[in-house]
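What follows is one structure encoded as structure tokens, with my remarks underneath.
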Amino acid sequence: MCNTDCCSNPKGKAGTKTAINSTNSSDIIPTPESLLYPYEVIEEIADFITKGSGMRPKIGIICGSGLGSLADIIQDPKIFEYEKIPNFPVSTVEGHAGRLVVGTLEGATVMAMQGRFHFYEGYPLAKCSMPVRVMKLCGVEYLFATNAAGGINPRFAVGDIMLMHDHVNMLGFAGNSPLQGPNDPRFGPRFPALVNSYNKDLINKAIEIGKAMGIESNIHVGVYSCLGGPNYETIAELKALRMMGVDAVGMSTVHEVITARHCDMKVFAFSLITNKCATEYSDKKDDEANHDEVMAVAKNRQKACCELVSRLIREIHMASA
Ligand SMILES: O=P(O)(O)O[C@H]1O[C@H](CO)[C@@H](O)[C@H]1O
């Protein structure tokens, strides 16, 4: 005798067409995060930030591991510790300070997350990328997402910057999405298209800026993939990713980009290559990625990353002035 709900549910017996085709709302199992963060809650958080800062920022920045200095260059900053923002999660990863910084950069109004949320911290994807929706309701039109990543493309060197022009969503392959659960059309459509997710004009402008900075040989355009982490990848996984056309691998960003595109933001994203991933077996200890190295490389390259971001923001601001 089976005691599961499917057999005891009087509305539709398992195995019948009625049960399979049913669209009763009681058949939908909302994910806990879609219940936690309905539109009204996101709106409350956004109100808290816009009223508290007196600003409606136009550009949102997510600082990658060790790249928190992107928020330190913001002028006249109003700082919101995550733990003081109602309904906000807390950062648990080293190199992610856990505060939201609102102010101006190159004349543009910006808000930066100094600390992002990762799936491996135990947060569902919708919670990891919930701040992107907060940004949207604060008035943000452009998302700048940055990350530290391992370079799989053999042409990449440690310290290089890869401008993301596409991604492979490995968590999506496994059936996980920040958009899972009931869709609220006030954010965006049920089935958003993701081709052209990474704004081509911004990529081209960033390439030009790289030239002007004299770092064109350190700038690449490529494909990022996000794995769940927190473990780094095996050689076999890295080989598989390379065969799929992935150039750099990390544990973030993709779900933020999906959420941003769902609510029609323009997206610019880059990976700072903090380590080279081995795609052949060897006994070298050097082949093992570690977070201290990731942080050290990010610290070393923060000046170049800050300059790239500042100059690009200046261009956006000038074009809209
Ligand atoms: O993607 P960000 O947050 O930059 O951090 C990257 O660095 C950490 C691993 O060293 C992981 O969290 C990975 O995703």
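Don't overthink the numbers, they just go from 1 along the chain as shown.
Note that Cβ sites are derived from N, Cα and C of the backbone, with glycine treated the same way.
Just so you know, TrEMBL annotations are computer predictions that nobody has curated.
Quick caveat, the model's predicted, so the values are computed rather than measured.
Taken from TrEMBL, the feature domain 'Nucleoside phosphorylase' covers 58-314.
Applying an 8 A CB threshold to same-chain residues 6+ apart, the list for Phe117 (phosphate binding site) reads Pro89, Ser91, Tyr123, Lys127, Cys128, Ser129, Met130, Pro131. Marked as phosphate binding site by TrEMBL: Ser65, His96, Arg116, Phe117, His118, Ala148, Ser252.
Among the features that TrEMBL reports, purine D-ribonucleoside binding site is placed at Glu233, Asn275. Within 10 Å of the C-beta atom of Asn275 (purine D-ribonucleoside binding site) sit 20 other C-beta atoms, taking all shown protein chains into account. Secondary structure at Asn275 (purine D-ribonucleoside binding site), taken from DSSP and collapsed to helix, strand or coil, is strand.
With respect to their backbone Cα atoms, Ser252 (phosphate binding site) and Glu233 (purine D-ribonucleoside binding site) stand 14 Å from each other. Comparing Asn275 (purine D-ribonucleoside binding site) with Ala148 (phosphate binding site), their Cα atoms are 9 Å apart once rounded. Counting only residues at least six positions away in the same chain, the Cβ atoms of Cys63, Ser65, Gly68, Gln114, Gly115, Arg116 sit under 8 Å from the Cβ of His96 (phosphate binding site).
Of the listed binding-site residues, namely Ser65, Ser252, the sparsest Cβ surroundings within 10 Å are found at Ser65.
On the backbone, the CA of Ala148 (phosphate binding site) and the CA of Glu233 (purine D-ribonucleoside binding site) stand 15 Å apart.
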